[in-house]
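Summarising the annotation, TrEMBL assigns S-adenosyl-L-methionine binding site to A:S114, A:G115, A:S116, A:L117, A:E135, A:D163, A:D181.
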Amino acid sequence: MSFVEYGDTIKDGDTAIVFLGHESMFPVKVQHGTVTQTKYGVIRHSTDLIGKKYGSKVTCSKGGWVFILHPTPELWTMNLPHRTQILYSTDISIITMMLELKPGSIVCESGTGSGSLSHALIRTVAPTGHLYTVEFHQQRAEKAREEFREHGVEHLVTVTNQDVCKNGFGVSNIADAVFLDIPSPWEAIGHAKSALKTEGGRICSFSPCIEQVQRTCLAMEEYGFTEINTLEILLRVYNVRTVSLQIPDLGKAAEDNSSIGFDCSNPSNQGSPCPNLQQGTVQFKSSVPLREMVGHTGYLTFATKS
Amino acid sequence: PFPRICEGDCAVLKRDDVFKAVPVLRRRKIIFEKQWFYLDNAIGHIYGTTFEVTSGGNLQPKQEVEETTTETKAAGTDNRNIVDDGRSQKLTHDDIKALKDKGIKGQEIVQQLIENSTTFRDKTEFAQDKYIKKKKKKYEAVITIVKPSTRILSTMYYAREPGKINHLRYDTLAQMLTLGNVHAGNKMIVMETCAGLVLGAVMERMGGYGTIIQLYPGGGPVRAATGCFGFPKHFFDHLHEFPLSKVHSLLSGTFSTETLPAEAEENLLVEEESNGLADEKQTSPQETEEEAAAEAAMESNQTEEQETMDMSAEDAELKEHKEKEVKENVRIFTEKQRKQWERRKKLLETAALLKEKNADGLIVASKFHPTPLVLPLLEFVAPSRPFVVYCQYKEPLLDCYTKLRERGGVINLKLSETWLRNYQVLPDRSHPKLTMSGGGGYLLSGITVVLEKGRADSSHLEELKMEEPSSKRCKVQELHC
């Protein structure tokens, strides 16, 4: 296993994801002789995990079962230990595409934070690219280094513990892309420019507040960046439900009710059972938005150095 | 190694937010945004260079000019005294036309328009800014030549030809690549009818490492957009294709190369496609055109040779060997056979790759109903791998979701949609852009897991075709949700 290469079977030292159902899951470090407690009982790594196929159903001691999944940056994002606020896959996906990242890309990032984006960046630029990530918080920088080592991607990333606004990325003229998720990105635009290749590259800055965006855009313009573009992406998730609505009683005789004419063959009703399965109701399949959704994560400002 | 514009490249022209993919060819007239020009002079320049169109349709690199700030900087505070009498511009239509005909630079025309506007000085600073921007856009014709990428091509296709990519918005495509964990070294299955844009995006993310199996309906895969990416040759070394019409036989074990997709139908489809893509043909690079031509030629050969279709591979080889001694016209004949034989060999190779049933992911984005595609194609995917299904409409994905639940072997099913909002960011004038896209399609994603025997039997294909689930099943599902 590694975060940049699929493996078939679970091995000692792997990071695996224990899937309990309903988006409830957690990461586990596979080790001979170790046990993991779940609400369904104990998982013994030596017998229950090691040598098994990823994606297998594992029966726990109380008879309940879980699935063991191969780690991916997306699953890691959902399960990683938070040391900071993190970026989620929706933002990460548009960042990756808009920064034009691909195998071989050299990327600079700051701050490293909890490494949610870092894992996704490393996955995308592997096997020939590299990530230079800068984190001014020493403990976080060290923790990130440790995780990269555990996840088998340390050769693809360099973690530097310094202040990007003062000292930059520690590299110059080598990056294809720069990503900033810091409180005052406008102070790092100059450093970002010098980190990018002389022939150009792309930059992205993530900020929750419009005032930060404003100052960042001004700085980008000042440093000669072009194609400056700010956007926001929102994820809407739907629950798939079978809903049944009651037919109101208007005092008509029962057999007359059918003359209301609910059209079973209506394509919008496709795949759903006909009315009157239960007396006096109509059933249909619907997608129900979650009661609450994430309304704002941050503004993403992209630009080009040319 | 600066990437320079070379003859034969596929480049993208950019003016403001408008893109157009063009092949870089000498002495080829290009029409873009109501202007015509030749790309000859652009050859040798670095990608990202901005050009001005000069008389005779030549391109000339734009020099960075210091913004000539309007001398006085006088501006009004509000518009209470600005009256629209239609006479604020003292230059007439004919005057402006005369200036243009004289070949005067756009920048100077804008300056003249400002000087001859009686209301310009009374406008607020912001209104002046807006006025200049509007005029610049009209009179200063500059185009930038950029290197193609998924970002640029997916934005271009969504704006120019959304119908050809089933209205797949670029942020939705971005989600697909991430949710599908598309990266170097993967063995991916891609089924798309998005002009090859999704395939190109997957190829870009895999960087030539790993394997892609493209499943195609009809006579062959459409790759007009794929050609626009300008991928190096070796990216195509591990790109395989397999006809959708052979999937059932492959799964049931009756697969053979004896009956390739009906050739007549094939030609009809190719024809239809090339008609529909008439405009695209122009925008696609030379390479693709050549490829398409070669493919078309190959296909017409096959029609002529329908009778030899049932010949076994060995026979073809033997015959080829014999006929080598025979004369010219026969040589051409065997050449065709050789191609036919190679095509079969490739098909067998691809079939073998699929039969391993160990793909690292499945990406579906087509005009077809997703359910009958996804259920069988998931058989080819290894456990603990992501899959992503795109559909322009939500309802078919509801059905797909339900059928996948019934089948089992998948977890973490998620039906989602992304909204994309663009912002204008200017000092004291920041706000969301006036218009946003109404919809960019829907995604159903999930992760495969080991399918248990008992459930596998109940998920037999015939049973899955069953339209109406029993009421009991529905109740069980509701509990699951």
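Cβ coordinates are placed from backbone N, Cα and C, and glycine is handled just like the others.
Feature map: TrEMBL annotations on the structure.
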{"residue": "A:S114", "record": "S-adenosyl-L-methionine binding site", "contacts (Cβ under 8 Å, 6+ apart)": "A:L80, A:P81, A:H82, A:R83, A:T84, A:I86, A:R140, A:A144"}
{"residue": "A:G115", "record": "S-adenosyl-L-methionine binding site", "contacts (Cβ under 8 Å, 6+ apart)": "A:L80, A:A144, A:E147, A:F148"}
{"residue": "A:S116", "record": "S-adenosyl-L-methionine binding site", "contacts (Cβ under 8 Å, 6+ apart)": "A:W76, A:T77, A:L80, A:I86, A:L87, A:Y88, A:I92"}
{"residue": "A:L117", "record": "S-adenosyl-L-methionine binding site", "contacts (Cβ under 8 Å, 6+ apart)": "A:I86, A:L87, A:I92, A:I95, A:E109, A:F179, A:D181"}
{"residue": "A:E135", "record": "S-adenosyl-L-methionine binding site", "contacts (Cβ under 8 Å, 6+ apart)": "A:S110, A:G111, A:T112, A:G113, A:A141, A:A144, A:V159, A:T160, A:N161"}
{"residue": "A:D163", "record": "S-adenosyl-L-methionine binding site", "contacts (Cβ under 8 Å, 6+ apart)": "A:F136"}
Span of A:S114, A:G115, A:S116, A:L117, A:E135, A:D163, A:D181 around S-adenosyl-L-methionine - largest C-alpha separation, Å: 20
Neighbour tally for A:D181 (S-adenosyl-L-methionine binding site), based on other Cβ positions within 10 Å of its Cβ: 24
Reduced DSSP assignment, A:D163 (S-adenosyl-L-methionine binding site): coil
DSSP state at A:E135 (S-adenosyl-L-methionine binding site), helix/strand/coil: coil
